[in-house]
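Trainee: Structure below; questions to follow.
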């Protein structure tokens, strides 16, 4: 079938900000789709609210709208651009839900817009729990016994009939939001209440739990001619009961017999044909390990996280081909871009094994509930490729960057028996390490299978790894065992520990027997056809398939898995750096291990190595490629941390030298540099012990800001107001010693300002100055950033430009740097300098039209800013106003405190842009998912230090028609200022308390500032958590509340009676 010529313009809906359950995989899918449609000659209009994505670059579509993905804004874009069709299946759950909303509101009919890929009936059949169950019954496909419920009474009735445990699956939600396994009435009440709130159609499916069955996924494709094929089948190591996004996954499946494989393959193809999906689809199935019985769990009628994994695991570009199928092309007429000779209907064949391990953010959230269930909690994932499951698994473990280079975690090895049993029977994020610890202590694989229902095959493979460990320890420096260990995926670092030598000694031992990895190509066809894909993985075999080209090359280190503090912004910079290297005439090589991202799409770079970002693995690639040098500025802290080891091995680090990077990151060296440059910073010192920290804090005066040196994302950072709190921090948050000092600074409560700049060593370009709405003390990644800065005087701006220029040249920065300042009146202090790309670089690149990573890379390669066409100094400011608003995933992470402070908590960001600050903020808030009520009730409960400021806010809220509710202390302050307020009871008082009002939906906004002490038993924690669970916006900073208020004021009209001044409002009390 030829492609359709009756449509000219296609609207692609993106997935919005990164949240748990919907991450960088949709930037990858959206980028592929936009380019694929443009390649076919269509005019592409894109809407997405996330500025940190490649897909929102101007080159990706004919028209790019960085606007909220809401019915209001998408309808406006449709009316303006008049697309012939929309493609919603590449924007995750956001895209699907948006298409359903547009249809229900009549917009698609009104504007005559067709839905491509998967029609709305199919989306409804797959997403609506009742329609899906009916379709499966029609097809004769088994689904677990279930019932659709809309309230708690219906849930009780179902449980009475079939008993516990039951699984709750809300309709139309993402990453299992609001769902879970319930073993008793208390869990049922919590989960069903949450699920009904989060489901846009107030509907949940309650089903009999089949926890313990094997979970298997099939990634399938179908075209308009009803050709259908399987791209990849994957097996979850964890059985049913743990969300697939939180499971360790292997591809292809390892434990299915041919009969089982074919049975489930046929079911998957039958389902995609019945749904008449044109494009990609993910089918999840549960298989009884003791029979051929199976159940269909669910179907995602769209490109998903699993599609990204399947694409990278096989090399088959699902999203790219799904876009082509959506416009009428068929699988047998689209060439497979990997081989260039075969067509897309050939099912990929793998002659290797792929392992995926999720990456969690529990290092950031110590209070979080780490237990895994049907609601996803991972922020990202890593993938590794090997010739055996053992090799792929160990490579994936060391890709995680959790301080483990092997299946060995101190906490697991030192755990007492009770903890070990609990961690094995009730899975948490680190269960793999506890399984290894149990095997080391002599538990059998049969015992572990009984407790976990993990297939014996995987446990046997794990036990073989432990056995090999023992043989390694018993035979130091044995060459045969060394070769066997390397083939099984063991790292040099772990072998060095076993043999009590340093890592270099292991390397020398391998060099003596020429024991080095070779690189194999990922080609989709197990070498059956000729292939030239520049996509490689390492293994210890004979034949090497990667050859060095005659062209000079540059290696760019990626940023690894997505986690809080190091998100998709760094992948964005990596991709732009690669493009700049190619433009400069070099071969660009990427090393990375994140299957979700654009950088690991093999068509981006000249060569892609899918490898762990460890010194050993990176050095092997460098030895084979012999590059001109390595770029570490764009891979976040991951890449920066490798620079020292690489330089010691004689590798040229391009851009800012290692010594100068250290001068910016090492406290004492940085202080000396500031002294020479005569740039002020808040008073502070480095402490190497608890006593020293107390002395420093006493000298400079509380409050103080304490943090370990060398951190990204403000990890273990806190504002401390007393000696007692400082002792608590020093003993609980950090392991302080001379090797790992702690920084103690005077806390300046001023206005925080952030600058990204590019330096060629002589000239310094500052694309823009951003101010934060929240004052210093809230992490820059969690603050609302505004460009151009609205509250800075000309003098302050000039000072910032002067200091930035002096810092860049004084620290010999070549490439990018990010500086954070705090402004107190007209005084400017420097807080920190990061000699690398930053979280704000994509945002600033988009709005100033200066492609920062691209320009910085050209500078790193030796060009200067003036020759590249840039004038040094501050670039001319734009007329429009842009805001970057953080987005949080608190709904997924129960028991995490939502209060903002120096430790970063946001998972993503959105952008708002308009002609006034209020309009830009409105767009930003709406895009971030904040519900903006024009009237309602504000609950104020603030710390004593904030009461004076809260009075002004309350007056303004009252003026535009909001009712004010407050707890006793805050209410008294407001009453004294003659503000009408309803006093509510605190938690624990026996009458109706503020928690009841929150639960009953009587509150529309909560403003709650932190009393000192972070322990969750405090009332504030409960207020904040309840608000999140009930979908009520919470401000833990008065600055954020003031920003929301500004927006509401700009949307309201003045309503005053002519004789208003004569009448005093009575006080009311609830």
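Along the chain as shown, residues are numbered 1 onward.
Cβ coordinates come from backbone N, Cα and C, glycine included.
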Trainee: According to Swiss-Prot, 707, 746, 748, 752, 777, 778, 779, 780, 832 bind ATP 2; identify which of 790, 820 is listed for that same site.
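Mentor: The record-listed residue among the candidates is 820.
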Trainee: Counting by DSSP, what is the helix, strand and coil composition of the region 'Oligomerization domain' (402-546)?
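Mentor: Secondary-structure breakdown of the region 'Oligomerization domain' (402-546): 77 helix, 11 strand, 57 coil.
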Trainee: Given the binding-site residues 129, 208, 215, 242, which lie within 10 A of residue 820 (Mg(2+) 3 binding site) by CA-CA distance?
Mentor: none
Trainee: Restricting to the domain 'ATP-grasp 2' (671-861), what is the model's mean pLDDT?
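Mentor: Its mean pLDDT is 90.
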Trainee: Show which residues of the chain containing residue 832 (Mg(2+) 3 binding site), separated from it by at least 6 in sequence, have their CB under 8 Å from its CB.
Mentor: 819, 820
Trainee: Fill in the CA-CA distance, residue 284 (ATP 1 binding site) to residue 298 (Mn(2+) 1 binding site), as an integer in Å.
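Mentor: Cα-Cα, rounded: 5 Å.
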Trainee: Could you state the CA-to-CA distance between residue 129 (ATP 1 binding site) and residue 298 (Mn(2+) 1 binding site) to the nearest Å?
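Mentor: Cα-Cα, rounded: 9 Å.
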Trainee: Any idea what the Cα distance is from residue 242 (ATP 1 binding site) over to residue 298 (Mn(2+) 1 binding site), rounded to a whole Å?
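Mentor: Checking the Cα atoms of residue 242 (ATP 1 binding site) and residue 298 (Mn(2+) 1 binding site) gives a distance of 14 Å.
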Trainee: Within 10 Å of each Cβ, count the other Cβ atoms, then let me know which of the binding-site residues 129, 208 comes out lowest.
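Mentor: Sparsest of the binding-site residues 129, 208 by Cβ contacts within 10 Å: 208.
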Trainee: Please report how many Å separate the Cα atom of residue 298 (Mn(2+) 1 binding site) from that of residue 208 (ATP 1 binding site), as a whole number.
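Mentor: Distance (Cα to Cα, whole Å): 14 Å.
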Trainee: Here the binding-site residues are 215, 298; which one has the lowest number of other Cβ atoms no more than 10 Å from its Cβ?
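Mentor: Output over binding-site residues 215, 298: least Cβ neighbours within 10 Å is 298.
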Trainee: Counting across all protein chains shown, how many other Cβ atoms sit within 10 Å of the Cβ of residue 284 (ATP 1 binding site)?
Mentor: 21
Trainee: By the count of other Cβ atoms within 10 Å, pick out the sparsest of the binding-site residues 242, 820.
Mentor: 820
